[in-house]
Amino acid sequence: MTKTYTKAKEMAELVGTQGWMDDALSSKDELKAENGRPGPFGLVAGLNEEHDSIEEEEEEEDDGEKPKRRGPKKKKMTKARLERFRARRVKANARERTRMHGLNDALDNLRRVMPCYSKTQKLSKIETLRLARNYIWALSEVLETGQTPEGKSFVEMLCKGLSQPTSNLVAGCLQLGPQTLFLEKHEEKTPGCESAISSHSFTYQSPGLPSPPYGSMETHLLHLKPPAFKSLVDASFGNPPDCTTPPYEGPLTPPLSISGNFSLKQDGSPDLDKPYAFMAHYPSVSLAGAHGHPTHFQNAVPRYEIPIDMSYESYPHHVAGPQLNAIFNE
């Protein structure tokens, strides 16, 4: 009886252990099945991955639709390319240099055919072109109207639109004298003196003075003042204005006196021996010509007699001679 009891007890334990093993195996299978089935979070992750892939595909399509970048593509700078660039630059510089040399030579040839060519005063490019235009215009007017190219209108055409130094150069080279141009400008500025200046034409030449290319405008204005003053005085006093000033012959030498055994004295003019009243009332031609003033200008100046305080008695020469000899003999 005891054996059976023990066998039955062992059998029950064996059955219990087998059931426990079956339960364990079934639990493992359930875990595998649960891992194989996607949960709710797994579905959300899968949807996000699909959305990201779709967006990447759309971006790739958009990149393909954009226009390509224009312009030269940047290439790597090599020694060969640098040499080509340098050679191209040298050729361009040589071409520009040749062009400028040709332009300068053409302008020099144009300056030589102009009426006021000067080696010392070189006209600028713009002044050369303006003078050439005025020269062509003036020559065409001369051919059409038949006027001489030595009048004032010809000079006005040449100097139109030019600077003052260029106008002086033109007037000096044409030997027309800048005083006529100055008078015309002065008439425009001062219309009150128009009648006095325009009614008298004067020619005043100053020998030994520089020509307009080498002199300044102030020197020409300075030389214009004496004839203008003379013409105005002539007009006011009613004297004929056809008198010209003689050329300057140098300053008069003063009388020399050397204290010693001999003395040198310049021969005086016979007019100097005459009294002052006689000279003032009746000036001689020699004195007026020696000082460079015409006689009519001396007559036009008002006369003033200088009073002498001391008493002056005039003795005849035949009486003064014996008296002086008697004084020296004593």
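Just so it is clear, glycine is given a Cβ too, placed from its N, Cα and C backbone atoms.
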For this session: Among 73-79, 206-212, 269-275, find the range that Swiss-Prot records as motif 'Nuclear localization signal'.
Result: 73-79
Exercise. Region 'Leucine-zipper' per Swiss-Prot sits at which of 96-117, 162-183?
Worked result: 162-183
Exercise. For the compositional bias 'Basic residues' (67-79), what are the DSSP-based totals of helix, strand and coil residues?
Worked result: 1 helix, 0 strand, 12 coil
Seminar exercise, completed: Taking every residue in the domain 'bHLH' (87-139), the average pLDDT works out to 88
Exercise. Within the domain 'bHLH' (87-139), how many residues are helix, strand or coil going by DSSP?
Worked result: 41 helix, 0 strand, 12 coil
